[in-house]
Amino acid sequence: MESFEKLEKLLSYSFKNKELLIEALSHPSLRQHHEYKDDKDYERLEFLGDAVLNLVITEILFRNFANYNEGNLAKIRSYLVCKETICMVGAKLTLKNYIIMTHGEEVAGGRDNLNNIENATEALIAAIYLDSNIETTHDIIENLWAEFIKVQNLTDYDPKTALQEWAQASDHHLPIYRLIKREGASHSSTFTVLVKVKDYEQTGTGHTIKEAEKNAARSLLHRLKND
């Protein structure tokens, strides 16, 4: 696990209460392990962080997209707070290197588990909020999400349509979507879909196949614009 100082530099924020930072990065698996005395993990902070993130992103969109109606703002917000975007922010922070987890969780692939990265990212937002104030948290979120907010000129329409139009304009075959994984119980499944256009491919997850396809298309569009 890397030094928290590196993470604080990436955030441009130094925690006054380091215990909050540790709690935000503590995986729930620690509670079942006898070597760890503290029963705190990131689950409660993740709950708060989800709400803080939604509030801040909503305010940013309301302020910066004055000509967009409620429906378009909701579509953009949905993209900015979806698992894929949150995990891309977590990847920018190399957050997987800082999550504190049991050896068993790590061996099982816990550092690359998107749920863990998403939850820790949201918990980190809550920890910053509790350690500082809403204004500081707002500035940090706006900085971390800046590149994704700029992309939002393309989200007036469905990302699957946008990807199809890109493929046609580039003389490629139409995108092909393939379900590659289904996890969880039938009433709370998570689907993973792979989308492929020529030699480009990307995955997306969602609670429905349709949502997973949209998220895969969004991720691939984001990649294409940065290549």
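Backbone N, Cα and C atoms are what each Cβ position is placed from, and that goes for glycine too.
Residues annotated as active site in Swiss-Prot, with sequence analysis given as evidence: D50 (among others). According to DSSP, D50 (active site) is assigned to a helical segment.
Under the DSSP three-state reduction, E122 (active site) is assigned to helix. Positions annotated as active site by Swiss-Prot: E122 (among others).
As annotated by Swiss-Prot, Mg(2+) binding site applies to E46, N119, E122. N119 (Mg(2+) binding site) is surrounded by 26 other CB atoms, counting those within 10 A of its CB over all protein chains shown.
Annotation source Swiss-Prot lists domain 'RNase III' at 4-133, citing sequence analysis.
Annotated domain 'DRBM' per Swiss-Prot: 158-226, in sequence order.
Counting in whole angstrom, D50 (active site) lies 6 from E122 (active site) by their C-alpha atoms.
When the domain 'DRBM' (158-226) is classified with DSSP, helix, strand and coil residues number 32 helix, 23 strand, 14 coil.
Each of the recorded positions E46, D50, E122 was ranked by the number of other C-beta atoms within 10 Å, and first place falls to E122. Using the Cβ center of E46, N119, E122 for Mg(2+), the list of other same-chain residues with Cβ within 8 Å runs, in sequence order, Y42, E43, L45, F47, G49, D50, E118, A120, T121, A123, A126.
Mean predicted confidence for the domain 'RNase III' (4-133): the pLDDT average there is 91.
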